[in-house]
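What TrEMBL records for 84-219 is domain 'Peptidase S54 rhomboid'. Among the features that TrEMBL reports, transmembrane segment is placed at 40-59, 66-86, 92-113, 125-144, 150-172, 184-201, 207-225, 234-253.
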């Protein structure tokens, strides 16, 4: 997947006031934020991504062979996705060994993560993030099946992030917020891979579609399920989405 095309202007609604700075929280602060709906999962994802990136940077400088093995074992490939399904998860925490990829992705995550985590709750936000990342990987697989090009690989948080962006659009639309500025920003990021190259746009599309669809189901969805709790709806819709993605993966993966 890839670095995003810049920062994220105009994403937070005007009435959403997030004055917290991007800094390492204390144990007491983490406990407080967890009890009060703070962005603990967002912090954790950022911390894991940065820690993995630091290991990558160190290995790339002192042990290039180990770096290649480390990244190669964690990146997701349509050719081997069915044989190595864990790479769907590990690839979300790998980034290119340069500063810009990790910087843009983490800024993007910090721009939307805290708001969504407070709205959805910790575990439901994490589920949305991971399922969106799964959708990004399956998006790559579907495109490989269409084109017959299986010699591709990707890593990065962008598929999951585009799912979060789609979730924000759905929530904005639901509460009547103006989404024009974010639509423009999203269009730029969707077009960027065709200008820059080397970016897995298929993962962006897959993550966006899955994240948007799951969020729409959660906030609207089947009328008969609207009286269910938010947690129950996440189990139902999230579980159904995972089953659907697994089915698509089984249908599209190459058979040897």
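Glycine is treated like the rest: Cβ placed from N, Cα and C.
Averaged across the domain 'Peptidase S54 rhomboid' (84-219), the predicted model reaches a pLDDT of 89. For the domain 'Peptidase S54 rhomboid' (84-219), the number of residues in each DSSP class (helix H, G, I; strand E, B; coil) is 109 helix, 1 strand, 26 coil. Sequence-remote contacts of a segment are chain residues at least 6 beyond its ends whose Cβ falls under 8 Å from one of its Cβ atoms, and for the transmembrane segment (150-172) they are 1-4, 11, 13, 45, 49, 71, 74-79, 91-96, 101, 105, 108-109, 112-113, 115-116, 119, 128-133, 135-137, 139-140, 144, 178-179, 182-183, 186, 189, 199-200, 203-212, 214-216, 219, 254. Here the transmembrane segment (234-253) has Cβ contacts under 8 Å with residues 78, 81-82, 124, 127-128, 131, 134-135, 138, 141-142, 144-145, 210, 213-214, 217-218, 221, 225, 228 of the same chain, all six or more residues outside its ends.
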